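Scroll down for the structure; my scribbles are underneath it.
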């Protein structure tokens, strides 16, 4: 089942989500939108197992990173009615 990982611009660049991911889905990339000058990126979403550890680790109360599981994806992102 395919999962989607969405990184929002509320990311503070702390790397907590990257360190929490057991399958190395996330990585940090350069970004000038925060003090840390980096933002999380999800280049390997095909490896996501849907554990949502990245959400739990996020100090912004998972406002910066969200994992949408399979069919939950379109509903949660407001793409289905």
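The backbone N, Cα and C atoms fix where each Cβ goes, and this holds for glycine too.
The [4Fe-4S] cluster 2 site recorded in Swiss-Prot comprises 48, 51, 54 together with one of 21, 34, namely 21. Each of 5, 17, 20, 22, 23, 25, 26, 49, 50, 52, 53, 67 belongs to the same chain as 21, 48, 51, 54, is absent from that list, and has a C-beta within 8 angstroms of the C-beta centroid marking the [4Fe-4S] cluster 2 site. Of all the binding-site residues in the record (11, 14, 17), the one with the smallest CA separation from residue 54 ([4Fe-4S] cluster 2 binding site) is 17. Broken down by DSSP into helix, strand and coil, the domain '4Fe-4S ferredoxin-type 2' (39-68) contains 8 helix, 7 strand, 15 coil. Of all the binding-site residues listed here (11, 14, 48, 51, 54), it is 51 whose C-beta has the fewest other C-beta atoms within 10 angstroms. Residue 51 ([4Fe-4S] cluster 2 binding site) and residue 17 ([4Fe-4S] cluster 1 binding site) are 12 Å apart (CA-CA, integer value).
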